[in-house]
Amino acid sequence: MTRPGTQVLPRRWWALLLGAGVILLVLGAVMAVTYSLAFVQRGETPGGLSLPFVDAYPTTTDVLLPPFGAFLVGGCLTFIGELQRRGAIVRGYGNNIALFRPLGLVMHAFWIVVSLAVWVAIVPLTLSKASLDQAASPSLSNLDGGSDVVFLLGVYGGLVGAITGALVGSWVKKAWYLRTERRLGPPDPGTRSPGWWTFTYYWRADVWLVALGGLLLGVVPLPWFLGSTTAAVVTAGIGMVLAVAGLASSTQYRRSGMPLGTGSSLTGGETTEAGPDPTPTRRNRHRQP
């Protein structure tokens, strides 16, 4: 059996993993734009499409699969590579534990702004152009709830909205924790609440709630643009409730008894943290090679 504390992956691999992940993410973004534009304009040019990985006459799902495949694999590699760059992934008591240096609040906020700017470019700016330019562009002349343009905007707008929500939820969680730590000192693992440990640390459900709220808020402009005020208000209301619930619960992370800069895999089950040294701290994190 592998001894707890042993690195799962050599830390020197971080550059390879991170580099490959970023390349795939950029490739996915390029494919998302290229495939979507070619697909919605296919009626304006004779013949089928000539794009890698798809048929000449693809369905909407066909043009979504290649970029989403690149996003999925690239996101996983980038996530693991960035964890390795700022720390290490080590064996726990039946699971794997990530120990890393948290991203600073300013840099974290920068990525929120970047993600928000991408969403603005995908949804509001595209819809604004559509409303002003429908006569000049046949592909935008008949936008309705069943059009390919609206569907693609909903998919990508919702995806970026979810990412933005997750970033916001994580930032609030971090900022609130640091503010409380300055006032009260580090949390005492002996006073952890099992419920908050499971919710905010093990499952990260608080961040997932904000991400789900961000997804819904990210597609709100679509029903509004299509004239369905009721659908827009209902979607925005549900999204706000989820986001507020997630943000409120993220302020309770301290009650999990865990510090920032650590996370547990789901492979070993929730009870695996009950070993001889269940709580990775900043002190033992620095002892990792």
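Including glycine, each Cβ sits where the backbone N, Cα and C put it.
Among the features that TrEMBL reports, transmembrane segment is placed at 12-38, 63-81, 102-122, 149-172, 207-225, 231-248. Taken from TrEMBL, the feature region 'Disordered' covers 258-289. Per TrEMBL, compositional bias 'Low complexity' is recorded for 261-273.
Panel annotation: around the transmembrane segment (149-172), residues 32, 36, 39-40, 60, 63-64, 71, 105, 108-109, 111-112, 115-116, 118-119, 122-123, 126-127, 130, 139-140, 143, 206-219, 221-222, 226, 243, 246-247, 250-251 of the same chain, lying at least six beyond its termini, place a Cβ under 8 Å from a Cβ of the stretch.
Between the transmembrane segment (207-225) and the listed ranges 12-38, 63-81, 231-248, the one holding the most Cβ pairs under 8 Å is 231-248.
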